[in-house]
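First the structure, in the form of structure tokens, and then the observations on it.
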Amino acid sequence: MSKRTVKVGVAGRFGPRYGVTIRKEWSEIYKQKIALYTCPSCKKKRVKRVANGIWQCRHCGYKFAGGSYTPAYEIKVVEG
């Protein structure tokens, strides 16, 4: 079998569709979304995403709001 996901990782499921740049960007965001993060309450690396902006620790059950793809979201200021 061919190695379809060498360049783009999990975005290989899209095949040749959508272009390589969009697939690489989607792959990076998807990896951030499914990664385990450190709980602010018990300090264990067991936090998973429940829904958009909702995160829950699988060890202590602590549920909190955060960013869409990572628990700690960044606020960017645009000067214009």
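Please read every residue number as a count from 1 along the shown chain.
Placed from the backbone N, Cα and C atoms, the Cβ positions cover glycine too.
Bear in mind that the values here come from a model prediction, so they are computed numbers and not experimental data.
Feature annotations, courtesy of Swiss-Prot:
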- Cys39, Cys42, Cys57, Cys60: Zn(2+) binding site (BINDING)
- 39-60: zinc finger (ZN_FING)
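Taking H, G and I as helix, E and B as strand and the rest as coil, DSSP gives the zinc finger (39-60) the counts 0 helix, 9 strand, 13 coil. Apart from Cys39, Cys42, Cys57, Cys60, the Zn(2+) site neighbourhood in this chain, defined by C-beta within 8 angstroms of the site C-beta centre, holds Pro40, Ser41, Lys43, Lys44, Arg46, Val47, Arg58, His59, Gly61, Tyr62. Counting every protein chain shown, the Cβ of Cys39 (Zn(2+) binding site) has 21 other Cβ atoms within 10 Å.
For the binding-site residues Cys42, Cys57, counting C-beta atoms within 10 A of each C-beta gives the highest total at Cys57.
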